[in-house]
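Taken from TrEMBL as is:
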- A:CYS638, A:CYS644, A:CYS678, A:CYS682: [4Fe-4S] cluster binding site (BINDING)
- A:CYS682: siroheme binding site (BINDING)
- A:4-300: domain 'FAD/NAD(P)-binding' (DOMAIN)
- A:316-383: domain 'NADH-rubredoxin oxidoreductase C-terminal' (DOMAIN)
- A:420-467: domain 'BFD-like [2Fe-2S]-binding' (DOMAIN)
- A:482-531: domain 'BFD-like [2Fe-2S]-binding' (DOMAIN)
- A:557-620: domain 'Nitrite/Sulfite reductase ferredoxin-like' (DOMAIN)
- A:630-765: domain 'Nitrite/sulphite reductase 4Fe-4S' (DOMAIN)
Amino acid sequence: MAQKLIVIGAGMASGRMLEHLFEQGGDWDVTLFNAEPRGTYNRIMLSPVLSGEKTYEQIETHNAQWYDDQGVTTRFGEKVVAIDRAAKTVTAENGDVLPYDKLVIATGSNPFIIPLPGHDLEGVIAYRDLEDTYRMMELGKTEGSSAVVIGGGLLGLEAAAGLHAQGVDTTVVHIMGHLMERQLDESAGYLLRKELVGRGIKVLCATNSKQILGENGKVTGLELDNGTVLPCDLLVMAVGIRPNVALAKEAGLATGRAIHVDATMQTSDPDILALGECVELDGMLFGLVAPIYDQAKVAAKTLVGEAAGYVHRDVSTKLKVTGCDLFSAGDFAEGEDREDIVFRDPARGVYKRIVLKDNKILGAVMYGDTADGNWFFGMMKDGTDVSDIRDTLIFGPAFQGGASGDPLAAVAALPDDAEICGCNGICKSTIVNAVKNGAHTLADVRATTKASASCGTCTGLVEQVMAVTLGDDFVIPAAQSICGCSDHTHEDIRRLIKAKALKSEAAVWQELGWKTANGCHVCRPAVNYYLLADWPLEYQDNLQSRFVNERRHANIQKDGTYSVVPRMWGGMTTPDELRAIADASEKYGAKLHVTGGQRIDLLGVKKEDLTAIWDDLNAAGMVSGHAYSKGLRTVKTCVGKEFCRFGTQDSSGLGIQLEKKLWGSWTPHKVKLGVSGCPRNCAEATCKDIGVVCVDSGYQIGVAGAAGMDVKETERLIDAKTEAEAIEWIAAFMQLYRENAKYLDRPYKWVAKVGLDWVKDTLSNAEERAALNERFEISQSVYRKDPWADHVKNHSEQYQPLADITLEAAE
Amino acid sequence: MSWIDIGHLNDIPVRGSRVVKTPVGCVAIVRSSETEAYAIGNTCPHKQGPLSEGIVHGKKITCPLHNAVFSLETGEGTDGHQIPTFPLKIEGGRLLLDGASVGKRSAA
């Protein structure tokens, strides 16, 4: 007699399982329930349907006709509402009670809907089934419609690309810092974002949603945490899925995050199997098709009593958006015992990263050129030892074939028409010919071929071609690079950030070919500075790329406590300020010290107390003195003509004006000013980075002094007639230094490199001076504010321990 | 192992760190990427610098006082220095630290 098999859910898992079951033969009486009013289709191909590249009929795998032919009783559009395990029956929505010998649960998963206010409005949908897909396609028929997609993962981006292809104005809102963070590292995420933005899709990363706005019960927009409102006609949530386990749970089957099954796909009830996205096996959940098809095979065998066991295997991911070529497989996190091989070709937008451990491939991420993905993936699955080919591994299979371990051999093996310089389209043979015709230095090759003469990132490759051609006659020169993460010098990096309009750390790492995933403690603070100096409005200062003092807005001391220095404009103070400092000193147990820059230092403040002491000092009207920054430190003044019988001008007044204009600005290294009221120079202005000496006829402005490791007198920049003129020149000098100097070069070192004449010539041009002042003010519109007040208000939790678990231990 | 919930991954900035006070002293919880975090001893063996204030890069952290670099995975540092590491896991965004490894007696 035929065994009665009931299958709940006609998704990809059960379609494939039934196919295997019928292949194996046996006498089955199958009833198939499906909540969706249709048979089985390839859910992962919904994206090509959405983008219009395929039709539904093309993605059907097992339609009603197919099931009919197999003798399956289909109940499409009907749900099962209960399972009675004791009676071995299921109850359908319409009340029918059906007996089973074997039951298969393949209820899949439900999209996760973030419970934001307004999530139940009409027009808020998930991206899960054909109905959702048609809904999005429908929207494209209305001219000028817009959509917001919450979620920058695989599904969200496919939805966004599809909506965009339908002509819908689309914005992606993603909570994480880069797209597809589970499959991609930052560099690949950056390239993906660049591609999508280039197509016209708006992408907001590191962005939180606050609420969904609606009118008359219908969605009208999404409000973000920062108050921005994105108007939309449709809001798609693609933030993840949850296994659909309600039915199994009610039936008393063992469940955790999903329905527990063993390797034979059997649940805690021997007559009930489960497979697909609704199961949990060895703590793992399943969302990709390959392991689920494996499960289908196992389940079919288990049903006929054949021994079979599911074995987990690694899977790879590809994004199904036409033109976005990306590949991700395995584990691509960094690690001490792991080695990274990174290849970047900025001109073509190619990024490849292979992660090795013990000479075996552990993971791979690729963007732009994924042709070799499956070759790497194959070696990863097989655990192939790659030590013999590791030097050329990243170049792919075309390169292998017993190649030697010499890295130059890879270059030697390149075909004559291989492109070396992407900017100028120079191939290998052009360079080889130039070398043979007498170009024996890099400069000669650049001059005759233009290779490496544009962005310069191919310089290393050009040098290797020269080395291969010239043999021992050519020694590759070692340039002073920023650090081990990059071959570029500071100067090159500054130039390229401007020239290529690089506006994020990830952009610098990718476009300039960084060799590490996210830099190191040497290059990160420098790059962070260059970015914020060049793109004050676009770039978001990254506190995690700053040294502790600038991150915590205080100076760390040898015992781990901090020193706190409030600003005293021009070195002037008041009884109220002094009282507040005295109170704070007692309250927080801080020692007091008078600094060389006419400030008072509160020493020995605990990290946990920093925001509290700042709050107290803020309340007395004081702000950060930036005694910790590579930025404007202090303007030291003498009292000037208001009190001093020798004073020629209001030196303390000018000092206060200067400090109010310049404070908060970040610079390549610290900048200290002095303003003296007469040539007796009590403010020691002539050994400052910028110093003003007042005389009867005006203001002598000197720059590039030093009184630290080196001692050096300032050099005269200009004699200004008025305070306004002095301030204009000084701000222009600051901005010129900010835009051009190498990180950690004080002004005197920078001026020595570029020459005082160049500085004078540049600043003598009134237009140039005005432009520098304008750019300085744009930057100051962001940075001329008190970081203490900001941290008290917005970051105070970062100063406290994450948790304290010492107390409970004593109980 | 006895897992103690010490907070959410998003309480720590990406490539940032915060400390947890424990019976064996301060433990730095270091978030090395959007999705990964490690627990290490907070004190640099060189001059006792607070490692949680260091710059995080790749799976390494640099001491803020004198730039000693430590592996977040093994605790191995430059010049043969070694710091302890502690089992930490992330479940649904929650950070779970192994209580037994930081001197907490098991609750059971």
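Cβ coordinates are placed from backbone N, Cα and C, and glycine is handled just like the others.
Please treat TrEMBL annotations as automatic predictions, because they have not gone through curation.
Neighbour count (other Cβ atoms within 10 Å of the Cβ, all protein chains): 16 for A:CYS644 ([4Fe-4S] cluster binding site). The highest number of surrounding Cβ atoms within 10 Å, among the binding-site residues A:CYS638, A:CYS678, is found at A:CYS638. Residue counts for the domain 'Nitrite/sulphite reductase 4Fe-4S' (A:630-765) under DSSP, split into helix (H, G, I), strand (E, B) and coil, are 53 helix, 36 strand, 47 coil.
The [4Fe-4S] cluster site is defined by A:CYS638, A:CYS644, A:CYS678, A:CYS682, and by the 8 Å test on Cβ atoms against their centroid, the other residues of the chain that qualify are A:VAL639, A:GLY640, A:PHE646, A:GLY647, A:SER651, A:SER676, A:GLY677, A:ARG680, A:ASN681, A:ALA683. By the Cβ criterion (under 8 Å, sequence separation of 6 or more), the domain 'Nitrite/sulphite reductase 4Fe-4S' (A:630-765) is in contact with the domain 'BFD-like [2Fe-2S]-binding' (A:482-531), since 3+ such pairs are found. Here the domain 'BFD-like [2Fe-2S]-binding' (A:482-531) has, by DSSP, the following mix of helix, strand and coil residues: 26 helix, 2 strand, 22 coil.
Neighbour count (other Cβ atoms within 10 Å of the Cβ, all protein chains): 18 for A:CYS682 ([4Fe-4S] cluster binding site). If you average pLDDT over the domain 'Nitrite/sulphite reductase 4Fe-4S' (A:630-765) in this model, you get 95. In the domain 'Nitrite/Sulfite reductase ferredoxin-like' (A:557-620), the DSSP tally of helix, strand and coil residues is 29 helix, 14 strand, 21 coil.
In the domain 'NADH-rubredoxin oxidoreductase C-terminal' (A:316-383), helix, strand and coil residues by DSSP number 10 helix, 32 strand, 26 coil.
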